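So the structure is just underneath, and the comments pick up after that.
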Amino acid sequence: MNALAVAKLNFKKVKLSYFIFLGLIGLQLISYIINNLFNTSNEGGFSLSFGFYSYFIILISAILIPARNFRKLMNFNVKKLDYTRGVVINYVVFSFVISLFTAFCYFYLDKSLPVGTNGVVANPFTVFGWNNNGAIVAFIRHFVFLFMVALIVHTLTTIQGTWYGWLTNILIVAVISVFTPIASLRKVLVSIFDTLIFTPNAVIQILGCLGVSVVVYILCVLAVSRKRI
């Protein structure tokens, strides 16, 4: 089984993420219908774009693939390197499709949501300020950000149950606990988030996300190579 076959199998085994995404959209649509039936005005209201809901697909998949699919794939005598390459294919496809869907929501679907003329629909392109760089650049920024997040979640899930997984968890909690209350250290965290998400400089954000993705992928390969079946 090669990397492409691994990716195809993973797509089939993460159906839960698809159902959750569709369920969230269904609940939101039901809410709109109820408001319409009871003539409840949502003028000047706030609503999340369905683009944000699609994040659940890639985030839940990034947990399910290492937590549930890894052992099953290894039982098929899949090489660990093919497994990690297949995972990259999964997250590239997920990031691309979700970015396309988010762009569709931004340009078309969000405008049809019943929030009134003064209402706000929170789309990732606007929340993170990526729309200021134009549609194509916003798409690329969204794509690399999602891909990076997926690899991070996947790798963190992969190392759970190991000594270095516990150490990583402790370090994450320690960093949050120590850096957050101290203003000077908090600025460091803010600058990291600004670089990877909010910076108006698209080149810096794209290169930053790609750089983090490469480092995390290497760590993921090392973690998978040491992981017991």
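From the backbone N, Cα and C atoms, a Cβ is placed for every residue, glycine too.
Whatever TrEMBL says is automated annotation, not expert-curated.
Among residues of the same chain six or more beyond the transmembrane segment (16-34), those with a C-beta under 8 A of the stretch's C-beta atoms are 40, 42, 47-48, 50, 53-54, 56-61, 64, 113-114. Taken from TrEMBL, the feature transmembrane segment covers 16-34 (among others).
Same-chain residues lying 6 or more positions outside the transmembrane segment (46-67) and placing a CB less than 8 Å from one of its CB atoms are 10, 13-14, 16-18, 20-21, 24-25, 28, 87, 90-91, 94-95, 98, 101-102, 105-106, 109-110, 113, 115, 119-125, 146, 149-151, 153-154, 157-158, 160. Residues annotated as transmembrane segment in TrEMBL: 46-67 (among others).
Annotation source TrEMBL lists transmembrane segment at 88-109 (among others).
For 135-156 (among others), the entry in TrEMBL reads transmembrane segment.
Counting same-chain residues at least six beyond the ends of the transmembrane segment (163-182), those with a Cβ under 8 angstroms from any Cβ of the stretch are 156, 188-189, 223. Residues annotated as transmembrane segment in TrEMBL: 163-182 (among others).
The list of residues near the transmembrane segment (202-224) in space but at least 6 beyond its ends in sequence, with Cβ under 8 angstroms from a Cβ of it, reads 70, 80-81, 83-84, 87-88, 130, 133, 137, 140-141, 144-145, 147-148, 151-152, 154-155, 158-159, 162, 164, 195-196. The transmembrane segment annotation in TrEMBL covers 202-224 (among others).
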